[in-house]
Amino acid sequence: MQRAALRRGGDAQMAAGDLGELLVPYMPTIRVPKSGDRVYKTECAFSYDSPDSEGGLYVCMNTFLGFGREHIERHYRKTGQCVYLHLKRHVIEKVPGASGGALPKRKNAKLFLDLETNSDLNSDDFEYEDEAKLVIFPDHYEISLPNIEELPALVTIACDAFLSAKSPYRKQDPDSWEEELQASKHAKTLVQLDNGVRIPPSGWKCSKCDLRENLWLNLTDGSVLCGKWFYDGSGGNGHAMEHYKETGYPLAVKLGTITPDGADVYSFDEEEPVLDPHIAKHLAHFGIDMLQMQVTENGLRDNDIKPRVSEWEVIQEAGVKLKPMYGPGYTGMKNLGNSCYLNAVMQAIFSIPEFQRAYVGNLPRIFDYSPLDPTQDFNTQMAKLGHGLLSGQYSKPPMKSELIEQVMKEEHKPQHNGISPRMFKAFISKGHPEFSSNRQQDAQEFFQHLINLVERNPVGTENPSDVFRFLVEERTQCCQSRKVRYTERVDYLMQLPVAMEAATNKDELIAYELKRREAEAARRPPPELVRAKIPFSACLQAFSEPNNVEDFWSSALQAKSAGVKTSRFASFPEYLVVQIKKFTFGLDWIPKKLDVSIDMPDFLDISHLRARGLQPGEEELPDIAPPIVIPDDPKGIYSPNFLLSFLVALDIDESSVMQLAEMGFPLEACRKAVYYTGNLGTEVAFNWIIAHMEEPDFAEPLVIPAFGEVASSGADAFGAVGLDNQPPEEMVAIIISMGFQRNLAIQALKATNNNLERALEWIFSHPELEEESEPALDVMENHANANILAETGSQGPRVKDGPGRYELFGFISHMGTSTMSGHYVCHLKKEGRWVIYNDLRVCASERPPKDLGYIYIYHRIPI
């Protein structure tokens, strides 16, 4: 057996006996991976370089992180770690035999890396060969492996452990989540109460609070209760768990996850997700028929019906020869198993200049200041993904000779094009109950999840999500008194209802339905699908019409009454994201997708939806809280102090609380932030959170002041006024965060006895003082077509307002019957032409199906 070789560039081989002495100084830094350690030997932490790349991959033998040739020096300088395991996979053309063909296939003894193989590789002509060696920095001494009999035992053990380590993403490999689930011990013998409970297909609400998301149906008594709180802001108040502790009823199913294929079931007793082999029977007990769509009445499975295949063909432009696109901005993304929703959204996100500047433009600074473990840093992973998509390094066209060979032989040597977003998905979905699984997800929900993470992880002075943010004015009117209330909230997308009643081909739809029923009765295949054609103008009209408000309490009547709500744009965003609300539940509890064609315009003008505020002749609803419903109180335990405290609690703006919670902050912290900032809006409350999040009681429940404390001034919530009569620093900081200079903030607070709300009114009533003060915020780049409200000192979140005229920029389409199944692709307009992004496949689009999209992105037209 050969002795280990030590090389330095082109230097001659060193005696093997010197290897032990050479490695002695570095022995304390070499670690042996233990069970549970993640060894990143397949992908660079800063790029998509791998052992397949030209320079191979360097794996640090202390941190277990991998680095490409371009980034290894950065890690060495930052950490001082010197010993790395260099891994390289070579693709070698097989030697032809005497007859001119390749030699017979043999087992490759030199293949020892646990890496994915390229499925495009023709194994008759090519084979893999893996190479491993130790590299010592900074002199780049190389020790060839696996001939390591002369190396110290620790190094030998460490090298073996590195080479045999499994993928750090193994738990997220396709189908692994499902395989780990076990049948619950309670499923077979579950007792269900015959209490007459029937669950409707929509409109659910927790029976103990007002939450309408993350709801769980207890399979014993039919109680609908909210789940626990998650770090990213999703979840609830834990009422489902409380119910289990009170009753001992062990199994619950998550509403919204029920499909013909199953549902998410959790066992409180076993403290883990489980399988319920009898889930169909358990759901039927409460009037839910989950299996009706599994097989249609004519015996054909849903996926076998021709119209569904037609939708897949149209959206993916099947049957049309599409020209592949290569270079910067035309890089595909590998589907990791139901990750097409992530691929489609991220392709659209990194086609927006503001995101390109924020992450790729700041890439050197982000990488230099990344934490020691960059795999756990959001900005690093965003910059890495953006660079991978935009650099062109992973999207190179085949050479001319290879194109000729491809035409002649209809086969070619693989080009290693595209990127695999495993590290990005592992981080961005960490701790999220849905995105951490390997099931299909809703692209719209993932978009909102991504925006929440962008908001929580600022990069530089520019927040790229500003381009999506806009203000919605909600006008609520009491139908009996005709009085109104105006409120504002922040949003990032426009949800457009589908106006089915406005279909222009109703006669064709009626005829199709008759033929479909006849085919079912005769057990024949269904007729060719007739898709409802809906005018976009009708959907826009449906969006602008008033909606009924459930459980409306009129402060003018001091009683419940009929109320309607109308939404308008208080500002127009730079990029308008429009979601077509195609997904719903039928009355039979079957999740369905509205298969419609909407004539989405290339140019959109929604200027008429601009909010106008309180109009002349309108009278506002009194600012009175609803009455407190008190049970019989024979012992008088509901004292005046308790009633007043409860009344103050009811004044908290719950919409602001939920917006903050969606950003990932604890629910109780959000309530305190809104309370202590006097319901002045999400942006002000957000600043309070940033200022107090290090405090030990940050997430503790809000303690409402007692009766004698309620009358105290607003400043008391922020701390006592200083001896020099200076306003509380936290209140000054809140006003500064809105774009005003420090001296103006102090002057306003002093003039209003440190009342934050009155101080803001004072500033707006003294515009001459505002003109004399320069804004305190760092002014972002001014756009000719946008007016950034926060920079002009207006109250509220920072938005980029401008005209409401837009041009279609891109759209994401969904194929399938449910957001929990099917496939997503993305079409984007680049350099004047449409391009389709279908996972790894990036091609020039010939027939972009603009009428079948799910999410549309419009860009404001410059003035």
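Backbone N, Cα and C define each Cβ position, glycine as well.
What TrEMBL records for 182-290 is domain 'UBP-type'.
TrEMBL lists Cys206, Cys209, Cys226, His239 with the feature Zn(2+) binding site.
Here the domain 'USP' (331-861) has a mean pLDDT of 80 out of 100. Residues or ranges marked as domain 'USP' in TrEMBL: 331-861.
Taken from TrEMBL, the feature active site, nucleophile covers Cys340. The Cβ of Cys340 (active site, nucleophile) has Gln440, His823, Tyr824, Val825, Asp839 as same-chain neighbours under 8 Å, each 6 or more residues away in sequence.
For 651-692 (among others), the entry in TrEMBL reads domain 'UBA'.
Residues or ranges marked as domain 'UBA' by TrEMBL: 726-766 (among others).
As annotated by TrEMBL, active site, proton acceptor applies to His823.
Excluding Cys206, Cys209, Cys226, His239 themselves, the residues of that chain whose CB lies within 8 A of the CB mean position for the Zn(2+) site are, in sequence, Ser207, Lys208, Asp210, Leu211, Leu215, Leu225, Gly236, Asn237, Gly238, Ala240. Cβ crowding, taken as the number of other Cβ atoms within 10 Å, peaks at Cys226 among the binding-site residues Cys206, Cys209, Cys226. Sequence-distant neighbours of His239 (Zn(2+) binding site) (same chain, 6+ residues apart, CB-CB distance under 8 A): Cys206, Ser207, Lys208, Cys209, Leu225, Cys226. Residue environment of His823 (active site, proton acceptor) contains 19 other Cβ atoms, counted within 10 Å of its Cβ in all protein chains. Taking DSSP states H, G and I as helix and E and B as strand, the domain 'UBA' (651-692) has 30 helix, 0 strand, 12 coil.
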